[in-house]
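Right, one structure below, let's go through it.
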Amino acid sequence: MFKPLMGPPSEFYVGEAEGERIATAQTLDERRTSLLRFCHRGDLPVLTRHFDGSIRYCFLCRCIKPDRAHHCSICGKCILRYDHHCPWTNSCVSYANYKFFILFLGWALVFCTYVAATSLEYFILFWQDVNSSISPGGKFHLLFLFFAAIMFAISVSSLFFYHLYLTGKNRTTLESFRAPIFSNGPQKNGFNIGCKQNFQEIFGKKFLTAIIPIWTTRGDGVHYQVNSLLLGGLQEQQQQQQSGNIRLNMILFVN
């Protein structure tokens with residue numbers, strides 16, 4: 001859960017001069033051209049776009065945002081496959097620790113359920129007012145323990161099952177509220193490659209290694225498979241990028 005966060009690789013960061021050129025661009029087209037040129041030069045695998053159609057760029061970090069990466073204002077940097085910033089652990093839930101976050105919720109739910117189940121008998125005896133060897137103070141402690149376990153179990157279970165749902169759809173919390181934008185528009189299921197594959201992308205193929213806190217998450221946090229329904233649109237986008245890069249190189253050569 002407390003695994004170090006992972007930011008974009010070094011090739012996604014622009015130099016000082018390039019960053020200044022992007023920041024001081026007079027028009028949106030000029031900025032798009034600079035971003036496109038940088039991505040083409042570094043052969044960066046970016047498929048998602050900003051709402052205005054340009055390549056996603058972080059002015060604070062001076063970097064191209066990889067697909068599914070976002071800037072965390074609390075941590076002060078861009079995070080790969082950003083889900084949300086958890087106030088309880090004071091850390092970003094992201095590509096580096098998403099599996100561990102779900103396991104944390106799952107095992108916490110198991111623990112709360114166990115505590116509630118083992119204290120249920122004494123909870124019933126408390127209300128029946130049956131004489132027992134437990135002191136009055138001890139009875140109130142058990143009563144509090146039962147209620148605390150139930151309340152935590154309810155709150156943790158809601159988070160746990162919600163994130164299982166998101167995993168099955170291959171979405172982050174942020175993407176569930178704001179769909180990622182591709183060349184053919186917003187697509188909430190853009191990264192949905194099937195429920196089984198979605199779970200294997202986070203937990204791996206083996207059940208035993210999936211339920212223990214070891215690293216089994218696939219990929220590198222930068223490259224992602226996309227929904228087959230989007231392949232045509234993405235191929236068209238890549239062709240447009242290639243033709244745009246050719247025109248851009250011709251313009252630069254002439255100038």
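Glycine is no exception: its Cβ is also placed from the backbone N, Cα and C atoms.
Since this is a predicted model, take the numbers as computed values, not measurements.
Features of the protein shown, as given by TrEMBL:
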- 55-177: domain 'Palmitoyltransferase DHHC' (DOMAIN)
- 100-120: transmembrane segment (TRANSMEM)
- 140-162: transmembrane segment (TRANSMEM)
Within the domain 'Palmitoyltransferase DHHC' (55-177), residues counted as helix, strand or coil by DSSP:
70 helix, 17 strand, 36 coil
Over the span of the domain 'Palmitoyltransferase DHHC' (55-177), how high is the average pLDDT in this prediction?
90
